[in-house]
Every structure is written in C-alpha cells, then in structure tokens.
Amino acid sequence: MEPNAAVEADAEDDYMGDLSHFLPPSPSSPTRSLGVRKQPPKPAPPARGQAKRAKGLPWKERRRKERERIQREEDARTLAGMAEAIPESNVGFKMLKQMGYDPAARGAGTEPVGIEIRRSRAGLGAEPDASVALLPQLSEPKTREEEERDRKREEEMVAELRSRKSTQWKGRRLVWDYRKAEAALAQLENREVEPPAPDGEEEEKGEDEEEEVITEEVAVFH
C-alpha cells in the first residue's frame, strides 16, 4: 500500500508542476491533429451554360437537328400510312361505301396520284427534283459554228449597248442645252430697263445730237 501511495503522490506533483495544462494554446503555433491529411480544395462545378456548351453543338444547332429528326419521323409515319390500304373499319371508308363506293368495281383499284412531302416554302417547280439535282451536269463541247455564233451575238449586244448609251447621252445633252437656253432667255426678258430722262435733259441731248450731225455734214462737204 505504501509504494502505491508514493507513486500517486509523485503523479499529483508532476500534474501540478506542468503549467501547460492551464495555459491556452499559442496562436502562432496552432495545434495539428496527427494522422489527418489535409484534403485539396474541390474544384467548383461548372456553370449550367458552360456544361451545355461543353456537350457539343450550340442550342440553335441542336434545336435545328431535333426539328429535322422530328420531321423525318413524321414523314416516315405518313409514307408508311399511305402505303397501307384503308381498312374497312375506317369511318371514312364506311361513308364512302354508303355513298356507293364499291372496292370490287372496275377502276376502283386505280392508284391515286402520289403525294410528295415538301418542307420548303418555295412554289411548285421552283426547286429541281432531288433525283434530277443529283445527276451530274455534263456540258458538251461547243462546235466552231456555235462559238462563232456566240461571238457574233456578243458583238451585236456590245454595239447595241453602245448605241443605246450614245442616244441616252445625246438626249441628256439636248435637255441640258435647252435648259441653258431657256435660262438665258429668262435673263434677257427680266433684264433691267433704263429709266427715261427728264424733259430738259432730253432737249439738251437732242440739241447736242443736231450739232454733231451738222458738224459731220459740214466736214463731208469740205
């Protein structure tokens, strides 16, 4: 009993002598838990738009392809339905029979006009047939006569173009000259008129003119 009591007394003395148990940990040296490894930060998940862009095509292209796929499926279903005969259980078929349609009659089995599915908004005949468009367009070489005829036609077209341009230029020149003459005539008609002189000045001017005439006559006789 005495040795155990001595050991416990020493332990109590050591516990009281260690002041580190009563002091807070220093902030400069934080405690590290042993055996726990620091994990690297996880990358942030990409945004929703970036994830969509990373998948491939933009949304407009995907939307167009999806629309084309739906149209192809609809066309396939339509063609498959047209290839099959109308069953007798169909309401429209029953109405036709009531109106006198007989499938066994002569000419009743004639094939109807084929249906062509057109997705384009162009009018009939505006677009070439797919079978014709796929054929290679091979141009045959022209003969010498055809080349000569094409050359003469080009020369005639050039001469006609020059003549037409010359006629247009002459017409514009004539109009320009006419407008110029019309403007000159308007200026002549609207020019300022000299006001008449007073009576006394006219008499003096008349006397001066008579003297000049007399002087000239005298000079002639001499």
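Cβ from N, Cα, C; glycine included.
A quick note: this is a predicted structure, and the numbers were derived from the prediction, not measured.
Listed features, source TrEMBL:
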- 1-76: region 'Disordered' (REGION)
- 50-66: compositional bias 'Basic residues' (COMPBIAS)
- 67-76: compositional bias 'Basic and acidic residues' (COMPBIAS)
- 89-127: domain 'G-patch' (DOMAIN)
- 122-163: region 'Disordered' (REGION)
- 141-163: compositional bias 'Basic and acidic residues' (COMPBIAS)
- 187-222: region 'Disordered' (REGION)
- 199-215: compositional bias 'Acidic residues' (COMPBIAS)
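Per-class residue totals from DSSP over the compositional bias 'Basic and acidic residues' (141-163), listed helix then strand then coil: 20 helix, 0 strand, 3 coil. Across the compositional bias 'Basic and acidic residues' (67-76), the DSSP tally of helix, strand and coil residues reads 10 helix, 0 strand, 0 coil.
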